[in-house]
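Q: One structure, pasted below without further comment.
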Amino acid sequence: MASSSEAGPAALLKAVLERVHHSADRSGRDVNNIRVVAASKTKSVSSLRQVYDAGHRCFGENYVQEIIEKAPQLPEDIEWHFIGNLQSNKVKPLLAGVPNLAYVETVDDEKIANLLERAVAKIGRKPLKVFVEVNTSGETSKFGVEPAVCVDLAKHIVTNCPNLEFCGLMTIGMPDYSSTPENFKTLSNCRSEVCAALGISEAQCELSMGMTGDFERAIEMGSTTVRIGTAIFGRREYPPKEDK
Ligand SMILES: *Cc1c(COP(=O)(O)O)cnc(C)c1O
């Protein structure tokens, strides 16, 4: 019998979806309210294709150069999520290169929101769904707004960016998972503030949190979007390239 390290992405996906199911059951949540983004950075188009052929439609990429190379080689019904740090000069190529881009999960200042707004308006595509990225771990190296200003940014998007659809909040948390429960709690508290300020229900403000090492915990804590790479595709062999 093949060991799990030899299992291909389709089998690994199945195991991940089972774990998501169990976590949802354990926490009394409807599994249909939990989206799994297959985080595919550095992985080949053929690996993504195997996951697609296993029935999965939701993929996340971190680098503009990489997503604009891969997306045209894969079916159009993929729901692409951009989950990396987005630089100003990459907004136009991203939107032009990925017509089926559904979400940008990493909006972390008004400037990038305004650039996305203008680019979407100019292309004339359907509204782009966005999450506000929150730095919940307090690390200076992390992208994302401070929790205290997430309300301001969410308000800015709702008020001034008609071509963007504010969908919720996203966080990465501590990379070694040492304090992700606290980080997830912080994101959940941010949601309460945003919902109160915007007069929306919690169901209208998603939480994107949880990766390979902590997605079960994230689901218990209310995550609606888990972004899972390693558990589906195996370890990343090459260090990801930065967008230049
Ligand atoms: C790479 C990445 C993930 C997936 O990480 P794994 O630990 O491999 O599951 C999730 N979110 C973001 C923002 C990432 O860059």
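FYI, residue positions are counted from 1 along the chain as it appears here.
Note that Cβ sites are derived from N, Cα and C of the backbone, with glycine treated the same way.
TrEMBL annotations: computationally assigned, not manually curated.
Per TrEMBL, domain 'Alanine racemase N-terminal' is recorded for 44-235. What TrEMBL lists as N6-(pyridoxal phosphate)lysine is Lys41.
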Q: Tell me, what is the mean pLDDT of the domain 'Alanine racemase N-terminal' (44-235)?
A: 96
Q: If you draw a 10 Å sphere around the Cβ of Lys41 (N6-(pyridoxal phosphate)lysine), how many other Cβ atoms fall inside it, taking every protein chain shown into account?
A: 20
